[in-house]
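Here's what Swiss-Prot has on this protein:
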ACT_SITE  D155  active site
ACT_SITE  D169  active site
COMPBIAS  12-26  compositional bias 'Acidic residues'
REGION    1-34  region 'Disordered'
TRANSMEM  42-62  transmembrane segment
TRANSMEM  92-112  transmembrane segment
TRANSMEM  120-140  transmembrane segment
TRANSMEM  167-187  transmembrane segment
Amino acid sequence: MDDERVSQDPTAENETDAEDRNDDDPSGSAPPQPVTHQRRLLLFVIAGVVLATDLLTKILAVANIEPGRPVWLIGDIVSLRLVRNPGAAFSMATGMTWLLTLVAVGVVIGVVRIGRTLRSPWWALGLGLVLGGALGNLVDRFFRAPGVMQGHVVDFVSVGWWPVFNVADSGIVCGAILLVVLTLIGLEPDGTRKGVEK
């Protein structure tokens, strides 16, 4: 009789189901995996858009802008001028192309690792911008002259006194600024607030 009462007790069945679910999760509470997958997808979609836009605009710039002959768009402030940059974003650190290539590879690996536990859409946006920009300039580093890991990046946007840049540079800088802001306000990649219990 006792066995029959236990088998008919819905509470006991619910507890058993909960234990079965927790067996797969050492923490005892399974994380909402669909949210993580969605944020990771958002990260890669943003990175893909930045990468595709960067590559397309560079192809158009090389095909249509003659070196040394800028195309003026807004007065004498904004223009398109073709520059092949051996340095980092905004023509910084010229002469260190191979080192910048290694740094960019490290950035890509770091972003992908963080993306494994990503749950914040804002972090997905920031990391996606950085990842897309890093990949865009890496393509130039590996496949443009003068050689692998020493290729010069194509820059073509000139605004006033600011160094000539490209779409990838803009993605890296905007993404980095967003990540700094998120860090300052205490928002973690997993969506939690620093100092607030999960």
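Cβ atoms are placed via backbone N, Cα and C, with glycine included.
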For D155 (active site), the three-state class that DSSP assigns: strand
Other CB atoms, at most 10 A from the CB of D169 (active site): 24
D155 (active site) and D169 (active site), Cα-Cα, nearest whole angstrom: 9
DSSP three-state assignment for D169 (active site): helix
